[in-house]
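What Swiss-Prot says about this protein:
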- S28: phosphoserine (MOD_RES)
- S47: phosphoserine (MOD_RES)
- 53-139: domain 'Doublecortin 1' (DOMAIN)
- S74: phosphoserine (MOD_RES)
- S115: phosphoserine (MOD_RES)
- 180-263: domain 'Doublecortin 2' (DOMAIN)
- 275-365: region 'Disordered' (REGION)
- S287: phosphoserine (MOD_RES)
- T289: phosphothreonine (MOD_RES)
- S297: phosphoserine (MOD_RES)
- S306: phosphoserine (MOD_RES)
- S306: phosphoserine (MOD_RES)
- 307-341: compositional bias 'Polar residues' (COMPBIAS)
- T326: phosphothreonine (MOD_RES)
- T326: phosphothreonine (MOD_RES)
- S342: phosphoserine (MOD_RES)
- 356-365: compositional bias 'Acidic residues' (COMPBIAS)
Amino acid sequence: MELDFGHFDERDKASRNMRGSRMNGLPSPTHSAHCSFYRTRTLQALSNEKKAKKVRFYRNGDRYFKGIVYAVSSDRFRSFDALLADLTRSLSDNINLLQGVRYIYTIDGSRKIGSMDELEEGESYVCSSDNFFKKVEYTKNVNPNWSVNVKTSANMKAPQSLASSNSAQARENKDFVRPKLVTIIRSGVKPRKAVRVLLNKKTAHSFEQVLTDITEAIKLETGVVKKLYTLDGKQVTCLHDFFGDDDVFIACGPEKFRYAQDDFSLDENECRVMKGNPSATAGPKASPTPQKTSAKSPGPMRRSKSPADSGNDQDANGTSSSQLSTPKSKQSPISTPTSPGSLRKHKDLYLPLSLDDSDSLGDSM
């Protein structure tokens, strides 16, 4: 006996066709609008969690610190304690953060931050070692356009204007620079060391560079030259001050400079260095005295002149006038005025006469 199951096959076929049409024509639950919205919201939340927040941190009580920008994210810092530890390595010093970063405050100190979720994009915060906020104007030393919310066009224009201003300033600075020989006197107990420094467009590029050259030349006992003063007591603050009417400057180190009248007054030796021949007084060595030069020079000078001329010349202060008119006098072929020995003697003789014997020259004329 055979059973006929044809009607069951037709019913199963119909049900299979209905399921197939439902799968092909109608969207599955995973592709529904609700699931698509849920998946998009989850991705946005995940991206917001992964996105780093750029914030700036300051030291508590440090008004000269410009702050440090951090990119805070959950991938970089697994916990708030990890952020505190990293800030300790970056900001810890021996003055303001002795015990590291233990607390984070808002920039006005009104609220204490307890987790990374409380940090907001583009805001500034203060790191502290103790539970005490020091109210200081932290943001006064920072460019207000540092925030990431500022448009890129503004950021691109700022460096261009800064570069153009710097180039214009550099061109302006080069206009007043001219060859000039200045005298630098070391501050302190007299006798003081004095050196001469040549300033021109090749040696005077900036005020800091000139201070470095003066430091190497003057060699202060306290180290680096920090301040320069004119003889009137005015402090030199820029490169332009070197090319004014003043030629003499007092170099001071890190020590506190005392404004005493004796510090700005020059003694006889320092005046001799100033009024002497620049080529002969380029270093700290003192010029020879008139007595020593007059004692060494009369011998060869008398042999080069006739007795009648030598008797008429020795009339003023025991100094022979032949020393002043040597190029005009008739010399023997042995000692010519163009020989190196005679030029060296003339340089030594002319230097003190321009300082001490000005009266005698006026009488002899």
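Glycine too: its Cβ is placed from the backbone N, Cα and C atoms.
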What does DSSP assign S74 (phosphoserine), in three states?
coil
Can you grab the distance from S115 (phosphoserine) over to S74 (phosphoserine)? Cα atoms, rounded to a whole Å.
11
